[in-house]
């Protein structure tokens, strides 16, 4: 057994021991990924149903802001925001689950929503061909923290490397595919400077977010 194998085994043993004691464990699912807080760790309810994306890698990444819940800057507050979003989406709107594939909190922690390769409910006509990433907060007049933006960029690169997101993906703000202010004026202006942003305008007016 090589040193790498030994390290993997040790990490697995330590993680199992921490979980047995009830301690929260942030799992790094891929060496190129940011740390991802799993659904179990933020206190999810089960999805009512799951639709896997059948054609991978997806050609689009769509960025959002929550508006509400508001900005969170601690693990406790961000985990509560995830539970609130799931309640809003699943119980009030009748969706299968929280709408986004991933969310990013104020400290740069990434929270698993529907996760990789699962169809979201965040962008009409793009749900089955995109990964939806939501920034927790209202970014009409301010930017997400540098840690949030860096974590999202790392997450996208991770998706490319694992084969979930196309190498030549197109990056979009939510307002480019439906009639909405999301992801906020200030943040959207910043997004247009990101690598892979595409000036696509394919807006449709719908009756739900």
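Note: Cβ is positioned from N, Cα and C throughout, glycine not excepted.
Because the structure is a prediction, the values reported are computed rather than measured.
Per TrEMBL, these features apply:
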type: SIGNAL; residues: 1-23; note: signal peptide
type: DISULFID; residues: 33-158; note: disulfide bond
type: DOMAIN; residues: 34-178; note: domain 'Peptidoglycan recognition protein family'
type: DOMAIN; residues: 47-184; note: domain 'N-acetylmuramoyl-L-alanine amidase'
type: DISULFID; residues: 72-78; note: disulfide bond
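Known features from TrEMBL, placed on the structure.
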residue: 33; record: disulfide bond; Cβ within 10 Å: 19
residue: 72; record: disulfide bond; Cβ within 10 Å: 22
residue: 78; record: disulfide bond; Cβ within 10 Å: 23
residue: 158; record: disulfide bond; Cβ within 10 Å: 20
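Classification of residue 78 (disulfide bond) by DSSP places it within a helix. With DSSP classes pooled into helix, strand and coil, the tally for the domain 'Peptidoglycan recognition protein family' (34-178) is 44 helix, 33 strand, 68 coil.
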